[in-house]
Structure formats: structure tokens, C-alpha cells
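Participant: So TrEMBL has the following annotated:
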DOMAIN    25-425  domain 'Major facilitator superfamily (MFS) profile'
TRANSMEM  91-110  transmembrane segment
TRANSMEM  117-135  transmembrane segment
TRANSMEM  155-177  transmembrane segment
TRANSMEM  184-204  transmembrane segment
TRANSMEM  239-263  transmembrane segment
TRANSMEM  275-295  transmembrane segment
TRANSMEM  315-347  transmembrane segment
TRANSMEM  367-392  transmembrane segment
TRANSMEM  399-420  transmembrane segment
Amino acid sequence: MQPPPETRRDAAENAQWSRPECQVWTGTLLLGTCLLYCARVTMPVCTVAMSQDFGWNKKEAGIVLSSFFWGYCLTQVVGGHLGDRIGGEKVILLSASTWGSITMATPLLAHLGSAHLVSMVFSRVLIGLLQGVYFPALTSLLSQRVRESERAFTYSTVGAGSQFGTLVTGVVGSLLLDWCGWQSVFYFSGGLTLLWVCYVYRYLLNEKDLILALGVLAQGLPVARPSRVPWRQLFRKPSVWAAVCSQLSSACSFFILLSWLPTFFKETFPHSKGWVFNVVPWLVAIPASLFSGFLSDHLISHGYGTITVRKSMQVMGLGLSSVFALCLGHTSSFLKAVVFASASIGLQTFNHSGISVNIQDLAPSCAGFLFGVANTAGALAGVVGVCLGGYLIEATGSWTCVFNLVAVISNLGLGIFLVFGKAQRVDLSPAHEDL
């Protein structure tokens, strides 16, 4: 028998973090997201150097870069569902401890035998599997622990870690690459992740709860907090499909740029400094992400409709960002290329305050699961998009087609969300759907 809505609402409020707790966890998760991306973008930063060492062509480099998404797309729904049931913070900690270890071991794996391509693909698939649970578990955690009026800013702040992590790897990774070789970049990002895991385990998590979560995962037993996902109810709603399509397009276009921008700059402007194009776009993206979250919550608090604000954020995050991506394919100026890349990447952070929070609007009780479904679609599209990008570059010798691909994917998702997107809850019974 289901408890009445009032009882469920009171229980949800009691589970929310206090303001000091929210501040501590926001900072910690910001750092966690930063380290997630440090590990993720290590391979794109090192691809050129590794290709020279191992003799990879563009197609083979594209296979290595895209192999991350082969694993990433398989654990999205699992990560969200586990986050809804045992707590997103536990899922995040357990996965981070493993992906950090594999990242540190990547140089060793690369030199175990002569099949360098196979071993690198294998390691990237494993890291993708482990990182795939992060954002669905994060979405589940924030939907349960953060007040609705503060979700956009909190999510945008934590999401800024993706740009900050890319920035850190761009700065430190470029220097380490020049001074110590590509192996040192993997040691750096993996080692920092393991230090973060030790901090969270020692100071923020209840050891008994973590042991219980490990037992649940090991034995596959039911957990104390059951979670019945209303599958049919969710996927009968056009607004849910609009959210999935928009998340798919935003994830795919971002993954294509994330994977290929370093190679684009290295080949198009061979005498440019790596720390410039690996740093400036992400340096711009950090304040852009924070601003988008602040602006979104500010507009809603001043009476603007939630869905109006979400759609406005998506116009910036998908529509305007794709215009600057198109410009990248039509310039021969290094300065203009950096400006266009910075604008495109910076504007894409508005997706954090648009579609990412809209999923929490639609189904806060199972937001992790729904985000997992949407991000699975995005990861699958990312596999195809990154591989297709490598094929198009190899076949045409031009980067313009890659940026055209980004623009087409972005605007398809934007159009669907503008027409069908809504912000009313769809995870409640029809009688309470407008709560």
C-alpha cells in the first residue's frame, strides 16, 4: 500500500540536505565531476602523441576515442536505478575508486603486449562502463537531497566540474605531455581521483551504509528502499521523449567536440600552443555554467514559467552553440577558432540548466533512471558520432563536415524539445500529476 502524498512529501523534505551539508556536498561533487573529466579527456589530449608512438591512423584513433562510449552507454540505466535505490553518493564513490585505478594503470596496459590498439580499447571500454553510472547517480542524488528551487544552480555548479576537469587536464596535461610524456598524464588524473575517493570515504560517508551497499551489490538482494519505476506511465508522455531526444543531441554534440577539438587544433594550426586551445574554451565554460544556473533559478523565482526557462536555456545550449560550431569549419585564423570553440563549449553548459534539470522536473522520484535512459541514448549517439567524425575527416580531408554534423544533431534535439517539452511531473498518479 502506497503512503499518502503528504507523507511522501514530508519524508522527501526530511531527506534533503541542510544548507551547510548542501554546500559541502556541492563542493565535493564539483571536484568529483572535475576528476571524472580529468580521467575522461586524458585520452583525447594524449591521442596525437600515442598515435605517433603506436602508429595509429585517424580511423584507429577514432576507434580508441569512441571506445569509451561503448562502455559508457551500457551502465547509464543501471547507475540511475542503483542511485535511486541505494543512494547516488555510494554509487559514485564505488565507481570512482575503480576508474581511478584503471586510469593509473593505462600506461602499463599499453605496454603489456604488441596489441596496443586492443589493450587501449579494452581499458577505455572499462572506464566508460564505470563512469557511465556517475551522472545518473548524481541526478538521483540531487533530485532527492536538494530543494527544487536550488536544483538548477546546484546542478550547474556541479556540472561546471566537467569544464574545470577538462581545463585542468588541458593545462597540466599539456605541460606533462611536453615534459614527461603521455604516460604521466594518466598517472596524474588517476592518482588525484584516488585521493578524492579517500577523502569522501573518510569524512562524508557512513561506513556502515557503504558496507551495506557493497553487500547489496555483491548479493543482488532487494534493498530497504524499493523503487518501482512507472515504465509505461513515463514513456507514454511526449515530454519524456522530448527530454530523451534533447539529452541525446546535447550529449552527442558535446562528445564529438570533446573528442576531436584537440586534434582539430593540432592539425589545423600545427604551430599553436597546446595549452591555449586545451585551456581557453574550458576556462570560458566554467563561469558560463555557473551563470546559467543562477539565471535559471533567478528567472523562475521571479515568476517566469519553469518550462519557458528550460526551453530558453536549451536555445542557448543547443541552438546558439551550434552556430559557433559551424563557424569553426570556416575560419583559417587561430584566434577566431579559439573564440568560436570557446563560445560553443561555453554555451553548451546552458544544457545543465535546461534539459538536465528538466528531467528532475518530470520525474524526481526516479530521476536517476530516466536520466540514465536519456544519457544511454546520448552515449550510443556519441559512439556513432565520434566514429563518424573520424571517418568523415579521413574520407574528405576536411573538418567542416564534422562541425556540420554537430550543428545538425544539436538543432534536431532543440526542435523536438521546443515543440514537446514540458515541466509537469509524470511520475505520480494522474490525480496528483500537477503537484
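Counting begins at 1 with the first residue displayed.
For all residues, glycine too, the Cβ spot is worked out from N, Cα and C.
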Participant: Short question: which residues 6 or more past the ends of the transmembrane segment (315-347) have a Cβ under 8 Å from it?
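Facilitator: Hits for the transmembrane segment (315-347): 163, 246, 249-250, 253, 257, 261, 264-265, 268-269, 272, 276-277, 280-285, 288, 292, 354-355, 398-404, 406-407, 410-411, 413-414, 417-418.
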Participant: Select the range from 91-110, 117-135, 155-177, 184-204, 275-295 that forms the most Cβ-Cβ pairs under 8 Å with the transmembrane segment (239-263).
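Facilitator: By Cβ pairs under 8 Å, 275-295 leads among 91-110, 117-135, 155-177, 184-204, 275-295.
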Participant: Roughly where does the domain 'Major facilitator superfamily (MFS) profile' (25-425) sit in mean pLDDT, to the nearest integer?
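Facilitator: Averaging the confidence scores along the domain 'Major facilitator superfamily (MFS) profile' (25-425) gives 87.
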